[in-house]
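First up is the structure itself, then whatever we jot down about it.
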Amino acid sequence: MNKIIAANQTLTSEAVSEGHPDKIADQISDAILDEILKEDKNAKVACEVIIAQNLVVIAGEINSPVKKNIDIKEVAKNIIKDIGYTNIDYGLDYKTITVIDAIGNQSRDIINAIEKKGSNALGAGDQGIIFGYACDETKNFLPAPYELANSILKKASNLRKSGAIKWLRPDSKSQVTIEYDKNRNPVKIKNIIVSHQHHPNISQKLIQQTIIEEIIKPTVQDKSMLDENTAYCINPSGNFVIGGPTGDTGLTGRKIIADSYGGFARHGGGAYSGKDATKVDRSAAYMARYIAKNMVAAGISKEFELQLAYAIGIKNPISIQITGGINDPKYANKILNFIVNNFDLTPNGIIEKLKLKQPIYLKTCTYGHFGKNEFEWEKLDFVKKIQTALKK
């Protein structure tokens, strides 16, 4: 994965806010998962949401006796309210939405594959290819364009919700392009795009000035990365009044790159939100991130990408491979042996290590699933052991 091959190469990442239609769907899915897990730690959940206009359809499969206790429609309305969709002029109104509950039961065939009779060991909830990644570009071990794209939108959200900028509305996206030197170090911000929904009576000039001066510039930690050549594209389409699901239909799991590493790493295609931890698309992705982050923090490489592959009903991964960051085959084999011997990559092992039976998932699903140090998969508690065993 030697992506940087010459000086002056640029790389780009995008992010979406919690008010983006796809993110509304993700949050509803994960809020329902959390509500189920509060009462049943062993529930099997696969919750999908589609949201269009003022209609929310909640589908998927849930296997838990507590399902009947959860007011799923109320959960959806509360999420929409908390995001800030309190007026139909914004593109959605929690007070008037129609919510259709189309959730069914999990397939008995899948349940039997995951929960083997006579065994406490869980099999993987599905087949899947999963990647974990980390790099040394930021203190959170995430790519610099990706982290900045998310930070800009978080800043905008805070100013909107606090009332500091009253004309901002919930829907927004950002995109950041950064120039790298030949050693794969970020050196200059080339371009920042922000598209943000707004009140109809605000001029584009004021929108541009406010977003640049009050949101973007205060968010950039290293001011030397901004110069007179940095290009700002604020609402390049012009007016962005019609937003939310009135402007664009939202669907759970459609922002998998914004959820992970902003295009800097491979992705197996499986989304995270709405899935309990027996689904390795989610749990193994968190574990692979944990391993990759500890490897980079230990100084093993500037970046590290790990691939895991699973088969439904089988507890151990069928394949483990370092797919980026290590160019020496002998050293890669040594690292692989260390991973196999020191990390439990079964669903049970991952769930226990990362405490994935807790109702934590709503907090994961906005502004990226990685880089939030409150979660177990972001802890750097394996660094010393890695350094002792693997440091050259």
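Placement of Cβ uses the backbone N, Cα and C atoms for every residue, glycine included.
As given in Swiss-Prot:
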type	residues	note
BINDING	His20, Asp171, Ser172, Lys173, Asp248, Arg254, Lys255, Ala271, Lys275	ATP binding site
BINDING	Asp22	Mg(2+) binding site
BINDING	Glu48	K(+) binding site
BINDING	Glu61, Gln106, Asp248, Lys279	L-methionine binding site
REGION	106-116	region 'Flexible loop'
Statement: Note: among binding-site residues Gln106, Ser172, least Cβ-dense neighbourhood at 10 Å is Gln106
Query: Can you count the other CB atoms that lie within 10 A of the CB of His20 (ATP binding site)?
result: 27
Statement: Spatial hits near Glu61 (L-methionine binding site) (Cα distance within 10 Å) out of the binding-site residues His20, Glu48, Asp248 come to Glu48
Field: Tertiary neighbours of Asp248 (ATP binding site) (same chain, Cβ under 8 Å, six or more apart)
entry: Pro21
- request: For the region 'Flexible loop' (106-116), provide the mean pLDDT of the predicted model.
  value: 71
Statement: Here the binding-site residues are Asp22, Glu48, Gln106, and the Cα closest to that of Lys275 (ATP binding site) is found at Glu48
Query: In DSSP terms, helix, strand or coil for Glu61 (L-methionine binding site)?
result: strand
Statement: For Asp22 (Mg(2+) binding site), the closest of the binding-site residues by C-alpha position, picking from Gln106, Ser172, Lys279, is Ser172
Field: DSSP three-state assignment for the residue listed as 'K(+) binding site'
entry: strand
Message: I need the CA-to-CA distance for Lys279 (L-methionine binding site) versus Glu48 (K(+) binding site), whole Å please.
response: 14
